[in-house]
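Remarks on the structure that follows.
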Amino acid sequence: MEMNFFNHRVFLLTVLLPIVVILVEGQGTRVGFYSTSCPKVESIVSSTVQSHFKSDPTIAPGLLRMHFHDCFVQGCDGSILIDGPNAEKTAPPNQLLRGYEVIDDAKTQLESVCPGVVSCADILALAARDSVVLTSGASWAVPTGRRDGTVSQSSDANNLPGFRDTVDVQKQKFADKGLNTQDLVTLVGGHTIGTAACQFFSYRLYNFTSTGADPSINPAFVSQLQALCPQNGDGSRRIGLDNGSANKFDTSFFANLRDGKGILESDQRLWTDNSTKTFVQRFLGVRGLLGLTFNVEFGKSMVKMSNIGVKTGTAGEIRKVCSKVN
């Protein structure tokens, strides 16, 4: 009897473990993909991101956003990096992305060591992780093996999650990419670092309703924001998305949502909708709910996101220059 039970467990492990690995690592990507073909890839990308971060800390949130925007359009294939008059990077949601020079720098170094081996899509995925680490977030193992896409069209970026989206719209956009409600709240938590221009939220401060500002904003916070973003003022002025902690990867972003201090309307709605509020509360360790550790869950959700629509095997190409299709 004991022997049969043991054999049954071995059978289950033999059958199920490969399935688990596939689910975690996606269609052909795996941790250590370049371990023999370009063993220094992670250290080269990491040192490049660190070097640029020292002179310009804004590239950390910039690279994190860029990876997100890349994955939500045509999958994680580096198409956001391609230049062209109608390329993805020219679309309105992408026009303020920053950090392209970091990817170009890393690519140049990698081409000198391992020519034609490492994809631009993988460089971006690694750089996004390194950006989180540099802002005091936890690291995670990044599956690699993506190949670069050859198509980049601004019109394809129209369905990116937007700052006015309702929670239902946000959930649908994430679900379309195989991401659930917890992934949504977790990944939006990436707004714990970085800034937003006044033009993307100042409409919430003036004449939002017949009586004034968006009622979901803490009244005391409204006056602070109005001072920073005066009506008809400079729409390009940038404000921290995580009030009081815009340069540190932590859970204070969620505390700000609880306190009515979310900058973007789409972010604040995560607190006012019960289906997403629960996850915000769990990240905050609210008593009576099963707690979630943001740093751990963020890495898991990033791995899921980074496997959206990846091109592997013979699909796509390995670009020689990230801004140009071969």
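Including glycine, each Cβ sits where the backbone N, Cα and C put it.
TrEMBL entries are annotated by machine, without manual review.
Among the features that TrEMBL reports, signal peptide is placed at 1-26. Under the heading domain 'Plant heme peroxidase family profile', TrEMBL lists 28-326. Here TrEMBL flags Cys38-Cys114, Cys71-Cys76, Cys120-Cys322, Cys198-Cys229 as disulfide bond. What TrEMBL lists as site 'Transition state stabilizer' is Arg65. Feature annotation from TrEMBL assigns substrate binding site to Pro161.
A map of TrEMBL features onto the structure.
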| residue | record | contacts (Cβ under 8 Å, 6+ apart) |
| --- | --- | --- |
| Cys38 | disulfide bond | Leu110, Val113, Cys114, Val117, Val118 |
| Arg65 | site 'Transition state stabilizer' | Leu97, Gly190, Gly194 |
| Cys71 | disulfide bond | Lys177, Met305, Ser306, Ile308, Gly309 |
| Cys76 | disulfide bond | His67, Asp70, Ala121, Leu124, Ala125, Arg146, Met305, Ser306, Asn307, Ile308, Gly309, Val310 |
| Cys120 | disulfide bond | Gly78, Leu81, Ile103, Lys107, Asp148, Arg319, Cys322 |
| Pro161 | substrate binding site | Phe72, Gln170, Lys173, Phe174, Ser266 |
| Cys198 | disulfide bond | Leu228, Cys229, Gly233, Asp234, Gly235, Ser236, Arg237, Arg238, Ile239 |
Of Cys114, Cys229, Cys322 (the disulfide-bonded residues), the residue whose Cβ has the fewest other Cβ atoms within 10 Å: Cys114
